[in-house]
Amino acid sequence: MFGLLGCTRYFESDKGPRVVLDKTDFVMGYHEHIGILAAPGSGKTTLTRLLCGLDAPDEGDFIGLRGDALPLGANSFILPGLTGEENARMMASLYGLDGDEFSHFCYQLTQLEQCYTDRVSEYSVTMKTHLAFAINLLLPCRLYIADGKLYTGDNATQLRMQAALACQLQQKGLIVLTHNPRLIKEHCHAFGVLLHGKITMCEDLAQATALFEQYQSNQATIQTEDYSFDI
């Protein structure tokens, strides 16, 4: 099993501790594909870092091992001074993988063509994202975590990435944190909502969407009231 038990995560601010996750529980099997609806600023990135073992909770327990989960959109490991190919081969070497096979997969998936041998510092944001996605797909892990979105690029690129991910997901789990119900409908079979620092699992996507939309409606009402005034 993998997840969090009674985990709290907070950050100090000028007004005191800001609680992002509040004694939340979230436990899943390694082959499950779970979509969690979460509004911007609700703690998606904080949750991702906890589940990937990058941060430790202030309270509670993390279930699993560091390296079990991989943040699918992470690109901080990409070195701008190296070429795309050199970055791919470097990561393959670090994990003891075949450099030729690893690099060939990244070249085919990204379709960077001649840019694959250019320095990453010359890449656009999208090109760098595609390279990172390809590399992440081949790194050893037991499940992927996507914070916000899964793919970028034109339709052809997204179809290639979707097919490559689907192949990996035959043996690996997936957690998608997003505000878009359509995204998790396509890729997940269990659904939840991140509200008020806690994850609430739902019976189906319809229930999760209704709960999420109700929360957004309530937040919009509160913001409107905050800006109301008498004339």
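Heads up, the Cβ atoms here are built off N, Cα and C, so glycines get one too.
Features as listed in Swiss-Prot:
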type	residues	note
DOMAIN	5-221	domain 'ABC transporter'
BINDING	Ala38, Ala39, Pro40, Gly41, Ser42, Gly43, Lys44, Thr45	ATP binding site
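For the recorded site, Lys44 (ATP binding site), the DSSP three-state label reads helix. The Cβ centroid of Ala38, Ala39, Pro40, Gly41, Ser42, Gly43, Lys44, Thr45 marks the ATP site; residues of that chain outside this set whose Cβ lies within 8 Å of it are Leu177, His179, Leu194, given in sequence order. Around the Cβ of Gly43 (ATP binding site), the same chain contributes Arg9, Val20, Leu21, Leu194, Gly197, each under 8 angstroms and 6 or more positions distant in sequence. Taking the binding-site residues Ser42, Thr45 in turn and counting surrounding C-beta atoms within 10 angstroms, the largest count is reached at Ser42.
Secondary structure at Ala38 (ATP binding site), as computed by DSSP, is coil.
Here the binding-site residues are Ala38, Ala39, and the one whose Cβ sees the fewest other Cβ atoms within 10 Å is Ala39.
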